[in-house]
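Taken verbatim from TrEMBL:
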- ASP299: active site, proton donor (ACT_SITE)
- ASP36: [4Fe-4S] cluster binding site (BINDING)
- GLY434, MET435: substrate binding site (BINDING)
- 72-87: compositional bias 'Basic and acidic residues' (COMPBIAS)
- 12-431: domain 'Nitrogenase/oxidoreductase component 1' (DOMAIN)
- 72-98: region 'Disordered' (REGION)
Amino acid sequence: MKLAHRMHAGPAHIGTPRVASPFKNVHATTHAPLGDDHFNVMRPMPERDRDFTPVTASIVDRHVLARGSQDKVVENTTRKGKEERPDPIAPTPTCTPSILQEDPQNFACRASVTSDSDVTPADANHHRVDELQAADRTLEQVVRYHLNKAHGQGTLGRSLSNIPTANTIGISTLGLHNQHDCRESKRSSRDIGTGVNQIIPEGGLVGNLQNLPRAWFNPVPHREVGLLTAAYSDEEFGMPYISTTPMGILDTADCTRQMQECVGKWAPVFTNLSVDYEPYIDQQTRSVSQAAWFSRSIDCQNLTGKRAVILGDATHAAAMTKILAREMGIRVCCAGTYCKHDAGRFHERVRGFRDEILVTDDHTEVGDMIARAEPSAIFGTQTERHVGKRLDTPCGVISSPVHIQNFPLGYRPYLGYEGTNQIADLVYNSFTLGMEDHLLDLFGGHDTEAVTELSLVPMEKDLIWNPESQLELSKIPKFVRGKIKGKTEKFARQNGITNITVGVMHAARESFGA
């Protein structure tokens, strides 16, 4: 277990509700101290959702510490079964049972005897898995449980649908633009003549999971949530799945061709027709997506060779790295992810598109790397945006965790051909932000604050900038001022200089070839 400031991925007891709550009738319960029950506030606020399945918390108080948790947990589970009639109830793992040396599995067994609903405790070790891993395991567990239940009752749908259909697996709550990506995924499927069998967990009903095997294939847009479920469906029912994320022009086309391969296997049997999605790919690339045209424009060509740092979950970080390197000619000096459990696949996907790779969930290590790389722009999470503000480097948010401002009311998908337009805007606006600040400085705009500390790299306490050198520093465009300041101080430390003058600045510039 790890307590940290600015964690990239939260604990397991956040991951399980991220899957349970999007289902229409799955009720998650937690047994935790007051303060760990914040999911009910965190869920509706960013997504502006007024109709969602809440999470019930059994709060640990002095009475629990004195008598134990069993009676309270069983009572709350039974009460929710009678009030909400959920199917099922999913007790969520927290650190509390370990601290109190209690057996949550035994609590669930007792509750299942008295509850009117199925009680299926989430199988996620709170000390070994994070939020994303717990969400992935919980979804696979719910699907496996209800498919086995349907098989035992003889209601499992095994025959394929008469028309091409797909299950979109892994669209959960609190993901970056997940709701918009879901809409774009449905639109794309409709355009190529593929129906939507089910979307899970978002808006799904566990009672309908018995028809999950009727789909022809399973797209998994985000590897972090849904991959275990897709692998189980492939192993158990022979359902192929597509884990290529349709993000960017090239990967969207690749994903569409994989869909054509899955549909083409059965289309001649059920519809007596062959499928060809190449005209659709060409039409979308030319007409819907403006990113291909933008990549050839002078605006994008001005970004060629600029340096960027990328960090996020494995899906978005790898996709963004390939977009910048392959489609826009931007140099990715470092591509990173905090999904250490998917490090091998991440290395494979970004090979040849970056200078270096960083796999860590330590935000201080990320901050030091960004300060050392001195990129022109950052693409990361809310944590990297904080780093960018301290370094005076623009940051575009591409991955969770994110602030509420990254849950827009308007339609802004990152997937599909419409998503390519949103990503192109994000990249262009992030890089041009530095030039905008420079123009404000140059023409006397509102941005005329005094020189401030701009670097995360610890500086020597005895380095003194005299008034003339501070004035000279203020004349440097803001978007490179931090780099010049850092290099000058580095030169001063290397040469034992404690008082930085204009002459020292000039000497440092000559030394570094500026």
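Residue numbering: from 1, along the chain as shown.
Every residue gets a Cβ built from N, Cα and C, even glycine.
Calculated from their C-alpha atoms, the gap between ASP36 ([4Fe-4S] cluster binding site) and the residue listed as 'active site, proton donor' amounts to 47 Å. Note on the domain 'Nitrogenase/oxidoreductase component 1' (12-431): its mean pLDDT in the predicted model is 88. Neighbour counts were taken as the number of other C-beta atoms within 10 angstroms of each residue's C-beta; across the recorded positions ASP36, ASP299, the minimum falls on ASP299.
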